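Record features, source TrEMBL:
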- G179, D294, T298: Mg(2+) binding site (BINDING)
Amino acid sequence: MIKMKLNKEKICIIFCLLIMSIGLLGCSAKNTKNSTFKSDYKMGTIVQLKVYGKDVNRIVKSSFNLIDELEQKMSLNIEDSEINQINKFAGIKGVNVSNNTYQVINKALNYAKLSQGYFDPTIGPVVKLWGIGSENQQVPSKDELADKLKLVDYQQVKLSPETQNISLRREGMILDVGGIAKGYAADKVIKLLKSQGIKSAYISLGGNVSVLGTKPDGSNWKVGIQDPKAKNRGEILGVVKVKNKTVVTSGNYERYFIEDGVRYHHILNPQTGYPARNGVISATIIAESSFDADALSTAVYILGVRKGMELISQLDGVEAILVTEENEIYITDNLKKKFDITKDDKYKLSNLK
């Protein structure tokens, strides 16, 4: 018997407490004299944007147009996207792409190298085989997985910076930048808002929460971290206080299915082809760039507590919150005065020994 949890949108991975109080989903907009809020379905997820300032409707519209433009280039669900063109000609020839797509793939490869392949944008063949979150989700055979794993190797992606040409050396390889592309889009929107003189705003793009400045009253933003074991979405285990930061979480509760009593989630280990199982059930990254945090949250989740924290310790300005199956929470030192557990009867802070 198979139980299915199908989430088209990676929503509420983490969520801004203010967004929760507004309670708007779907395609909608709400305006006040000094702010504009809009929510819409983009890049396969719910995008929520609130901008504070005068006459900001035009800026909000431009922000969503920007997200549309990026989606057209990088979505696997759009047949003629640049990503699909690269995949179409895998093993045959390279494809010249836009600066946006080139930057995303280049950054993805950098993080693949940094994480020693635990984050790998060529995971596409394995993702497609599992089909988690789709009508065709399945537990593949060992032989099927072994066959697809032969196509997973970020070192087989060739970049030509002079022409912004990208090629996959083996036929059947599939680039999948779905996760990191959302982080890139969030960063681009924040950059756009800054260029228009906006001082206070937040965007939630597929659970990638980025905040600009402080709240209008000058206080820090409060971002709630989803309780990965909660029966109801929206229950949080803690709150982190931030300004000019992004907060991105990867968790085993986002997309999964259950077969024969075993839970199979969508965060696949590129080394094994199976869903990552190392005790971590939620990995949150706090950084200045959502682009960076997107890749890191996946890599750290797969690496586990010790190796994941070792990776984070090498990076300036990056913090982490890791939650384990044993209800332990591990946080980086700089978060100790910024993170509050709201479910201290269930979760406890732990230290690496």
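Each residue, glycine too, has its Cβ placed from N, Cα and C.
TrEMBL feature annotations superimposed on the structure.
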residue	record	Cβ neighbours (10 Å)
G179	Mg(2+) binding site	22
D294	Mg(2+) binding site	34
T298	Mg(2+) binding site	26
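In sequence order, F119, I180, K182, G183, V248, S250, A295, L296, S297 are the same-chain residues whose CB sits within 8 A of the CB centroid of G179, D294, T298, the residues recorded for Mg(2+) being left out.
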